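What follows is a set of notes on a single structure, which appears directly below.
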Amino acid sequence: MEFIYLLYLVPMLYSCFLIWKMLEERRDRECYILDYQCYKPPNNRMLGTEFCGKLIKRTENLGPSEYRFLLKAIVSSGIGEQTYAPRNIFEGREGTPTLFDGIEEMEEFFNDAIAKLLAKSKVSPSEIDILVVNISMLAAVPSLSSQIINLYKLRHDVKVYNLTGMGCSASLISMDIVKSIFKTQRNKLALLITSESLSPNWYTGNDRSMILANCLFRSGGCAILLTNKRSLKDRAMLRLKCLVRTHHGAREEAYGCCVQREDDQGRLGFHLAKTLPKAATRAFVDNLRVIAPKILPVRELLRFLFMSLIKKVNKNNSPKSASTGATKSPLNFRTGVDHFCLHTGGKAVIDGIGMSLDLSEYDLEPARMTLHRFGNTSASSLWYVLSYMEAKKRLKKGDTVFMISFGAGFKCNSCLWEVMKDLGDPNVWDDCIDDYPPESLENPFMKTYGWINEVEDPYTYENIPDFLK
């Protein structure tokens, strides 16, 4: 009889052990953000209206038609007068950048943001186990990750991942790398560095598809400290719930819509094609199709299924009915998301996502204000938007934050975070958060340079003021 009991008891105990082990491993696979620090360059590097006029004036091969195009692009961009540019632009060397300019720009960011992050999180550089760096358009030897290791004297066994060419969506790609490592390795601390080097990438030609990048991209960056240590859970700000990556690089139209290339005169720049909105929409829709079941409640998914069936029946009954052409998502993402952290790719990007997800002005405010204050800081822009929400004390324990970003390739990446405690650190918004949102986001360029639209003949310089000739 005792032997029979043992036959039952041993498998039961072993099953309990396996379940316990599985739960323990699952608990150690979490990905938490302990803290993050955005980068704010010095005030003497702000691109005000007057300086931008001088910058455009000294750009060769620009005529009245290009000035009109630039004016229209800047005015409609949603960018204000307090964004930042690299040092070499203020020194008048944007047309002849050096490798040192790009490295120096990144070193300024490393010295500021990483030092502040480690200080306020009370983490020593020697405690860092994993370093992930994404700077898309600057590759140096030794690598930028090696420069960080040398600057902060990280351990010799630190695991390093250095990404280039991943575009504005790179920070979530880096996050996915950290998440994957955390699934297999316990008790780790990871430092994620995301930025873009503009110094060697300022376009000085007159190709309109490449001039646009100058109107949108600005200096910035963010350092993020992550962990899967259970002992640090109470200190964590955010917990990663899910992350989905969509890549349409196999489609020629999507692949070629954002490309770094040379123009006909051999000037290096970043080409933004007219097919970009279409490529972004397709990637966005495919990404939402995958992540929606992961973040939305069952009742919303059932409602969507029911409404889809009704629409299908109605369509079959009236095949000749005209299409409404609506682009709004049939899913209500507010049922599973409290806050929306959108990539500041431009005013049109923010408007497009807002229309697709049926978001309110309250939902879009963080992205709009970030674009106005800091511009498009490439892969780091999401964290400036998150910082705005935190500075406004919007993020409360238990809330969820949905991040959406786009990047060259063409990529759309998204993720959902859970807020672990009430947040209220103003970060880089400490000196201006009370001024946002302003009464008006009107760009002063039209008031200052609107006269260019009165020039009658776009092919002559006769009516152009002397300072633009």
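Including glycine, each Cβ sits where the backbone N, Cα and C put it.
For 25-312, the entry in TrEMBL reads domain 'FAE'.
Cβ neighbour count for Cys168 (active site): 27 (other Cβ atoms within 10 Å of its Cβ, all protein chains included). The annotation active site is assigned in TrEMBL to Cys168 (among others).
Feature annotation from TrEMBL assigns active site to His247 (among others). Of all the Cβ atoms in the protein chains shown, 19 others lie within 10 Å of the Cβ of His247 (active site).
If you look up TrEMBL, you'll see 337-418 marked as domain 'Beta-ketoacyl-[acyl-carrier-protein] synthase III C-terminal'.
Residues annotated as active site in TrEMBL: His339 (among others). All chains included, 20 other C-beta atoms sit within 10 angstroms of the C-beta of His339 (active site).
Take the CB of His343 (active site) and look out to 10 A: across all protein chains shown you find 30 other CB atoms. For His343 (among others), the entry in TrEMBL reads active site.
Summarising the annotation, TrEMBL assigns active site to His372 (among others). Residue environment of His372 (active site) contains 22 other Cβ atoms, counted within 10 Å of its Cβ in all protein chains.
The feature active site is assigned by TrEMBL to Asn376 (among others). Summarising the environment of Asn376 (active site), the number of other Cβ atoms within 10 Å of its Cβ, over all protein chains shown, is 26.
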Spatial neighbours of Cys168 (active site) among the active-site residues His247, His339, His372, defined as Cα within 10 A: which are they?
none
Reported as an integer number of Å, what is the Cα distance between His343 (active site) and His247 (active site)?
17
When distances run from the Cα of His247 (active site) to each of the active-site residues His339, His372, Asn376, the nearest one:
Asn376
